[in-house]
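Only one structure is covered here, and it is reproduced in the block below.
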């Protein structure tokens, strides 16, 4: 029994040794079996330590081939890092080129072929993205109709910028059509004063919250970084000198508008006063009985005539200041559309909301001057020439951004702000002090605050 057991155990040992020897022989003579076996058994090791396994295998081509296959599978499986894995796999293939074994050369060729195919798919992918991008940028209008000319970038820029400028100039006129005022009559007097109050609030808000901050380095937006850095390079004195110049130009605008109005009133006042005086004295000599009544009528008519002349001068000054202001707005619109369509549209909306209080105030001043509603609206369109000229100059300029920044940092904005302050405080607000009830005063103050608040919102948005 013991002998049989020993024989049986010996037989099992011989069988196990033969199977192991057979397996070793197959591994050494069957490359496909080596690739499958090594790939399945050692895949985790090759993937986890790819470079380490390559250095430790020495001259065994089958282990290196298996490691190459594992690297290929890892490069394809990890799709989130195509560029990194793809380049790493090429380094591995380059290492295989140093081995001269024929089987390794075959595996290396196959490995390189797989990577060539992978690279080709990447090129196709990039080509697809490039075609899609070109389609979106170059062929914005694919119609064969009248809009096809907008596919040209330069034509599209001009059409967009000029159209935006015309829209800003024409849109307030549509709002003015719904204002129930036809002329300066006693019936429309209370509403007209409310509009004058709203316009004066818009002028003051525009001057103190928009024009003056844009002319100073502290609120210069994009230009702030350039002027501020330049100021620090030249010392703090330059910063203070610029602030002083802004205040000086504001005062200069106030004095200039005062001087112009005084000169115009002197010239027109002498003619009107002489005519009124001569007519009064002539009537006094011819008809002594009607002297008192005519003097009373002459006094009543003389004051409205002087007031009308005063407000007409104010209307002309306001149109001149508004023309200059619209010129700077046109420069900004042109530069914005050069920067991009989205930037241009945002700037257009901002300027449009900003211009509505201005146009309503200008309309009220023109109506108060004696113009009819239709004539006042037509005169308002004259100021659109300032915006158009500014936009065209900006589009023709080689550096539109620098041109807009130069206009913003020059004397134009603070000088215009001084004119707006003068018109609001000297010419418009005194009109609100005459013949006002308590309820009318409340409405006028609320209108002034509304105009200022709109400019405040626009300043925050900008």
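Just so you know, glycine gets a Cβ as well, placed from its N, Cα and C.
For reference, Swiss-Prot has these:
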- 40-51: compositional bias 'Basic residues' (COMPBIAS)
- 75-94: compositional bias 'Basic and acidic residues' (COMPBIAS)
- 111-120: compositional bias 'Basic residues' (COMPBIAS)
- 121-132: compositional bias 'Basic and acidic residues' (COMPBIAS)
- 281-307: compositional bias 'Basic and acidic residues' (COMPBIAS)
- 184: N-linked glycosylation site (CARBOHYD)
- 326: N-linked glycosylation site (CARBOHYD)
- 435: N-linked glycosylation site (CARBOHYD)
- 39-134: region 'Disordered' (REGION)
- 219-239: region 'Disordered' (REGION)
- 270-307: region 'Disordered' (REGION)
- 2-22: transmembrane segment (TRANSMEM)
- 161-181: transmembrane segment (TRANSMEM)
- 194-214: transmembrane segment (TRANSMEM)
- 244-264: transmembrane segment (TRANSMEM)
- 333-353: transmembrane segment (TRANSMEM)
- 376-396: transmembrane segment (TRANSMEM)
- 410-430: transmembrane segment (TRANSMEM)
- 441-461: transmembrane segment (TRANSMEM)
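Residue 435 (N-linked glycosylation site) sits 15 Å from residue 184 (N-linked glycosylation site), taking the C-alpha atoms as the reference points. A Cα-Cα distance of 27 Å separates residue 326 (N-linked glycosylation site) from residue 184 (N-linked glycosylation site). When the glycosylation sites 184, 326, 435 are compared by the number of other C-beta atoms lying within 10 angstroms of their own C-beta, 435 comes out lowest. When each of the listed stretches 161-181, 194-214, 244-264, 333-353, 441-461 is scored by C-beta pairs under 8 angstroms to the transmembrane segment (376-396), 161-181 comes out highest. Counting Cβ pairs under 8 Å to the transmembrane segment (441-461), the stretch among 161-181, 194-214, 333-353 with the most such contacts is 194-214. DSSP assigns residue 326 (N-linked glycosylation site) to a helix. Sequence-distant neighbours of the transmembrane segment (333-353) (same chain, 6+ residues past either end, Cβ-Cβ under 8 Å): 157, 160-161, 164-165, 167-168, 171, 387, 390-395, 397, 400-401, 403-404, 454, 458, 461-462.
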